[in-house]
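Undergrad: Before I ask anything, let me first share the structure, which is written out below as structure tokens.
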Amino acid sequence: MQINTLIDLGWNHFFQSQLDLTELENLLPFRVVNVQRNLIDCIGLNSDYQAEQIQLSTYHWRNEEPEDHPTVGDWLMLDSDFQPVKRLERKTRIQRRAAGHQSYIQMIAANIDTLFITSSCNDDFNLNRIERYLAIAAESHIHCVLVLTKMDLCNDPSVYLDQLKISHPSLSVELVNAIDAESIAGLRQWIASGQTVALVGSSGVGKSTLINGLKGSDDQETASIREHDSKGRHTTTSRSLHLLPQGGLLLDTPGMRELQIVDSAAGINSAFDDINELARGCRFTDCTHHNEPGCTVVDAVEAGRLEPRRLFNYQKLLVEQARNNETLAERRQSDRALGKFYKQAKLSSGRFKKGE
Ligand SMILES: Nc1nc2c(ncn2[C@@H]2O[C@H](COP(=O)(O)OP(=O)(O)OP(=O)(O)O)[C@@H](O)[C@H]2O)c(=O)[nH]1
Ligand SMILES: [Zn+2]
């Protein structure tokens with residue numbers, strides 16, 4: 001697609017408002033489209049308003065924390081020699097804390113507007129996994145759309161749609177055959193011009209098929225951008241941020257594809273706000289909703305107003321999150337507590353089943 005304005009690359013008021021007049025006049029915003037080892041590819045408009053791809057070294061950020069290094073989706077401000085001056089604050093961020101290292105945060109992607117949680121209409125469909133992705137997105141207030149693929153291979157998609165209606169009545173769901181261009185056309189409503197969408201989901205659900213379908217066969221994004229680096233060499237790298245022919249951008253990196261761990265309790269609590277709402281009535285403020293007296297969450301499960309599966313998944317994600325944020329020494333200590341949790345959870349689920 002032709003890049004005419006920065007808006008085509010996802011620029012908006014949030015980024016512009018971080019600059020003063022002098023910076024606006026003298027610096028060029030470039031968006032990071034790929035990061036490999038010590039090299040960063042970014043696209044922006046040069047001073048003649050021509051789209052240009054630049055390759056930078058990460059040297060400028062050598063003394064900064066890993067989370068402050070540029071990641072795919074970031075906006076960088078460059079001077080007229082295409083040298084980095086600063087990185088703009090991120091609107092949203094997907095990050096991962098390296099297991100066992102409380103301090104090491106690795107950025108996976110930045111400035112995603114919408115997350116396509118991809119699942120197929122078969123055995124891959126798993127509400128717990130969908131909730132895990134919802135919690136990751138909630139951590140950074142990223143809007144989610146559930147894309148259910150392989151509808152053509154499924155006799156009765158209503159089996160899945162009905163489950164979603166009960167568990168997640170307000171979640172937007174798109175049922176598609178990822179191989180069929182007409183079928184995926186409806187997804188475009190979620191990828192408006194200047195919007196950045198990322199895909200997550202298990203291997204084989206159809207993420208690559210969707211990306212290729214949305215990009216279309218006439219892949220002109222390479223042709224319309226001049227490639228240039230500081231040494232004037234041309235570079236060809238496969239990008240992680242793709243410009244779509246109708247506008248909008250698709251972010252696809254191995255890190256996004258492997259996304260598993262929910263990093264913050266805030267994300268989990270926000271994705272399970274119904275449980276938090278119920279928990280306000282619990283007698284104890286630190287109620288774990290297992291077997292404490294006066295627990296309104298357990299009451300809701302027993303009364304059929306909350307799925308036991310959903311409560312268990314919430315508790316499991318919180319335990320996992322806490323464990324991921326521990327140092328190795330703390331982790332050994334808490335392994336015993338984790339065993340206790342599973343025992344307790346098993347007892348509770350047995351109790352719920354009896355009550356059904
Ligand atoms: N019939 C049908 N086949 C599909 C659909 N979506 C994907 N497939 C097929 O499923 C297989 C896997 O699809 P991919 O797009 O490679 O899956 P992926 O999610 O990118 O997998 P990873 O690269 O491992 O993450 C391919 O053979 C696709 O052609 C669909 O909606 N209907
Ligand atoms: Zn409780």
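Every residue gets a Cβ built from N, Cα and C, even glycine.
What TrEMBL records for this protein is below:
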{"type": "BINDING", "residues": "THR149, LYS150, MET151, ASP152, GLY201, SER202, SER203, GLY204, VAL205, GLY206, LYS207, SER208, THR209", "note": "GTP binding site"}
{"type": "BINDING", "residues": "CYS282, CYS287, HIS289, CYS295", "note": "Zn(2+) binding site"}
{"type": "DOMAIN", "residues": "101-259", "note": "domain 'CP-type G'"}
{"type": "DOMAIN", "residues": "110-257", "note": "domain 'EngC GTPase'"}
{"type": "REGION", "residues": "218-239", "note": "region 'Disordered'"}
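Just tell me what is around each of these and how deep it sits.
TA: For the recorded site, SER203 (GTP binding site), the DSSP three-state label reads coil.
Residue density at CYS282 (Zn(2+) binding site): 19 other Cβ atoms are found within 10 A of its Cβ, drawing on all protein chains shown.
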Undergrad: Distance check, please: Cα of LYS207 (GTP binding site) against Cα of CYS287 (Zn(2+) binding site), rounded to an integer number of angstrom.
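TA: Taking the Cα atoms only, LYS207 (GTP binding site) lies 40 Å from CYS287 (Zn(2+) binding site).
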Undergrad: Once CYS282, CYS287, HIS289, CYS295 are set aside, which residues in the chain still have Cβ within 8 Å of the Cβ centroid of the Zn(2+) site?
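TA: Same chain, not in CYS282, CYS287, HIS289, CYS295, Cβ within 8 Å: ALA279, ARG283, PHE284, THR288, HIS290, GLU292, GLY294, THR296, VAL297, VAL298.
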Undergrad: Can you give me the Cα-Cα distance between CYS282 (Zn(2+) binding site) and GLY201 (GTP binding site) in Å, rounded to a whole number?
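TA: Cα-Cα, rounded: 35 Å.
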Undergrad: Closest of the binding-site residues to CYS295 (Zn(2+) binding site), Cα to Cα, picking from THR149, MET151, GLY201, SER203, THR209?
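TA: Nearest by Cα distance to CYS295 (Zn(2+) binding site): GLY201.
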Undergrad: Would you kindly give the Cα-Cα distance separating GLY201 (GTP binding site) and CYS287 (Zn(2+) binding site), rounded to the nearest Å?
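TA: Given the Cα positions, CYS287 (Zn(2+) binding site) is 33 Å from GLY201 (GTP binding site).
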